[in-house]
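K.L.:
Mind having a look at this structure? Questions to follow.
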Amino acid sequence: MNYKPRTKVIAGNWKMHKCKDEALEFIQKVSLQVPDQTQVQTLIFPQLTLLDPLVQLQGANLQVGAQNMFYETEGAFTGEVSPQNLLSLGVKHVLLGHSERRTLFGETDQTVNLKLLSALKHKLVPTVCVGESLLTKENNQTQMFLDQQLTNIFAGVPEEALKNMIIAYEPVWAIGTGKSANPQDANKTIEQIREKVTALYSFQASCAIRIIYGGSLSVANIKSILEQPAIDGILAGKASLQTEDFLFFAQIASKQVLVSTKDIFQKNDCPFCY
């Protein structure tokens, strides 16, 4: 299996924000100023209706992805979008399993797994969300919960696919609440997620997959988050809506040292691949 170095990821989930004119203006401005893709990968996940016009403006430095997709290719599934439809628009990335999809629309680990398998089958690049509730955190069951969530979601996923995927750790209690995880705590949890990937697959596979953090990000805490050695980037919600803030996130990320997989394999004393 061949692996590429892990670059930082700066992703924005716009949720149900921005109309066409606002979105076009954002993409036009940001695409001219974001760092080179070899330094940091920048992604925007807009509403479904914005995909077509925004994909026309995406380039090497800024790409557009879908917030969701269904696992079937066609059929009587009112309100859903198929992976084939996304591909026909030129979409290459898709966000799967966001906690709002779970709490508001009844998605489960099993449906996320089906979507993940379908996305991989159709050569889409999935960003898969995982995260625990406040009750789980307060009961000190975060690691056990995430281990089971990862086991369920990754069932049937081949090891070879991991190098083209992203895991987004988004603690449910931190999404849209203004309560971001302590950077060191987020780093520790992402270390544990990588350990679980090692257990499910291999050390090499866990070194290949990128794991990012999301949850109440801001210009005030972005630097301390991205400085954490185990965190490969961010998935921002509200904080990604302002052009200046998104560019600031990308600029901070570009200053971080790229992680070379080759170097990782030479560091036998480093169990978490950073």
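Sequential numbering from 1, following the chain as shown.
Quick reminder: no glycine exception, Cβ is built from N, Cα and C everywhere.
Feature table excerpt (Swiss-Prot):
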{"type": "ACT_SITE", "residues": "HIS98", "note": "active site, electrophile"}
{"type": "ACT_SITE", "residues": "GLU170", "note": "active site, proton acceptor"}
{"type": "BINDING", "residues": "ASN13, TRP14, LYS15, GLY176, SER216", "note": "substrate binding site"}
K.L.:
Determine, to the nearest whole angstrom, how far the Cα atom of HIS98 (active site, electrophile) is from the Cα atom of GLU170 (active site, proton acceptor).
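P.N.:
GLU170 (active site, proton acceptor) has its Cα 8 Å from the Cα of HIS98 (active site, electrophile).
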K.L.:
Find the one among the binding-site residues TRP14, LYS15, GLY176 whose C-alpha lies closest to that of GLU170 (active site, proton acceptor).
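P.N.:
If we rank TRP14, LYS15, GLY176 by Cα distance to GLU170 (active site, proton acceptor), first place goes to GLY176.
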K.L.:
Name the residue among the recorded positions LYS15, HIS98 whose Cβ has the smallest number of other Cβ atoms within 10 Å.
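P.N.:
Counting other Cβ atoms within 10 Å of each of the recorded positions LYS15, HIS98 gives the minimum at LYS15.
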K.L.:
Name, in the order they occur in the sequence, the residues of the same chain whose CB lies under 8 A from the CB of ASN13 (substrate binding site) and which sit 6 or more residues away.
P.N.:
PHE45, GLN67, LEU95, HIS98, GLY214, LEU235, ALA236, GLY237, SER240
K.L.:
State the three-class DSSP label for HIS98 (active site, electrophile), counting H, G and I as helix, E and B as strand, and everything else as coil.
P.N.:
coil
K.L.:
For the substrate site as recorded (ASN13, TRP14, LYS15, GLY176, SER216), determine the largest distance between any two Cα atoms, in Å, rounded to the nearest integer.
P.N.:
14
